[in-house]
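A.B. asks: What follows is a structure written as structure tokens; I'll ask about it next.
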Amino acid sequence: MSNNYSIDLDFDKNHIWHPYTSMIDPLPVYPVARTFDNRIVLETGEELIDGMASWWSAIHGYGHPKLIAAIQQQAAKMSHVMFGGLTHAPAVELCKKLVAITPSPLQKVFLADSGSVAVEVAIKMALQFWLSRGFHHKRKLMTAKKGYHGDTFAAMSVCDPVNSMHSMYQGFLPEHVFVPAPQTSFFAQPNELELLQLREYFVTHHHECAAFIIEPIVQNAGGMNFYHPSYLKALRDLCDEFEVLLILDEIATGFGRTGTLFASEHADISPDILCIGKALTGGMMTLSATLTTDQVALGISQGEAKVLMHGPTFMGNPLACNVACASIDLLVENDWQTQVTALADGLQALQACQTLDAVKNVRVLGGIGVVEVNRQVNVAKIQAYFIKLGVWIRPFGKLIYIMPPYTTPTADLALLCEAVFKAIAADEF
Ligand SMILES: *Cc1c(COP(=O)(O)O)cnc(C)c1O
């Protein structure tokens, strides 16, 4: 049965919360009728070129026949079954693929239903690991400012304290050790001084810290900061030297977005715990995973608790696992490296924005292009303008950024970049 509901926008406005909005004075929302390829079609008829890949997830564009088939075939066989005491082929096949494509020390997989939950699980793993080895004082995390790790409480506690309004939750949110955000740009020379300062934090705090958690190479929702691989390399060494686990949150960067399959490859390192999500199912279903090493898994299992205390109802959902398998196959089949290189080339057109007075910085890495302007963007205003130009781009703060589906045709990529230039040049932000 196809659904033919018409969208009641008044009901939406009066009853439904959208992300990070007020219930009294919400930002406008645009009703979507359907999506295909790299297009979002509005109820009002406009066909928009997608610049966001639905928050990093729709890497193969929308409605890919192989992804649709993976869901349809699985739904006809078994849509969901509890993962407690039962297992199934889609979960086993997916975990095999994940173990194969992630850095080789990562051997054990925990499947969950969203990125935030994957981060919660990673934090539990780290705490339980040290606890089971008798390190009862390792109860905190270290992290860098400007990070983003999700909106549940433990995940939020390691997000940038200012951006995620930590002051509002004082006394409720666990307090962790924040180091300065990585300073040295991906494109600059390594900075020894910065790394020495990082070391000081480890000297002072390692005894109370179970893990350091960070997004490798690209700090996304906390400021689209592209930082130098030498920072990650140093982190890996410091974590080893000071007995702190390294958690890499690749929920945004995973599956090729930065030009390597996982961003940790830019620094040639491997974490103790890895979180992935977003593009895992090609944007078709919600699914995430937390991977860890034999050492961490054994540590947890030999401890007092003996088990990892987590188990979501929809853990290992067969529909999500099956479409994730198909999406990973598509990455290889489509030659994602060539696709992302083409995106990186096309996104260089954003450099034209450098000539505009309002622009502070333009940066491109893999399939991510960022234009930083010198004032807060008026989201409602710029989006109305973008829709007139036929593109879907949603800025935040001072950042107008695009990370389109890997399948975006060159001509559409040019139109996305041109739209960003025009919006700034016409002062429509
Ligand atoms: C989006 C994101 C999360 C949270 O994932 P959800 O699926 O929204 O819970 C965590 N970490 C990073 C780096 C992300 O980009």
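Heads up, the Cβ atoms here are built off N, Cα and C, so glycines get one too.
According to TrEMBL, the protein has these features:
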type	residues	note
BINDING	W55, Y148, K278, G311, R394	substrate binding site
BINDING	G115, S116, D249, P312, T313	pyridoxal 5'-phosphate binding site
MOD_RES	K278	N6-(pyridoxal phosphate)lysine
A.B. asks: Listed substrate-binding residues W55, Y148, K278, G311, R394 - what's their greatest C-alpha to C-alpha distance in Å?
C.D. replies: 34
A.B. asks: Based on Cβ atoms within 10 Å, give me the single least packed residue among the binding-site residues S116, T313.
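C.D. replies: Relative to the other binding-site residues in S116, T313, T313 has the fewest Cβ atoms within 10 Å.
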A.B. asks: Express the distance between the Cα positions of K278 (substrate binding site) and G115 (pyridoxal 5'-phosphate binding site) as a whole number of Å.
C.D. replies: 7
A.B. asks: Mind running the binding-site residues G115, S116, D249, G311, P312, R394 against ligand 1 and keeping the ones whose CB falls under 6 Å of it?
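C.D. replies: Among G115, S116, D249, G311, P312, R394, near ligand 1: G115, S116, D249.
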A.B. asks: Relative to the Cα of Y148 (substrate binding site), which of the binding-site residues D249, P312, T313 have a Cα no more than 10 Å away?
C.D. replies: D249
A.B. asks: When the Cα-Cα distance from G115 (pyridoxal 5'-phosphate binding site) is computed for each of the binding-site residues W55, G311, R394, which gives the smallest value?
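C.D. replies: It is W55, whose Cα lies nearest.
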A.B. asks: Work through the binding-site residues one by one (G115, G311, P312) and point out the residue whose CB has the fewest other CB atoms within 10 angstroms.
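C.D. replies: With the binding-site residues G115, G311, P312, fewest surrounding Cβ atoms within 10 Å: G311.
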A.B. asks: Within 10 Å of the Cβ of W55 (substrate binding site), how many other Cβ atoms are there?
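C.D. replies: There are 16 such Cβ atoms around W55 (substrate binding site).
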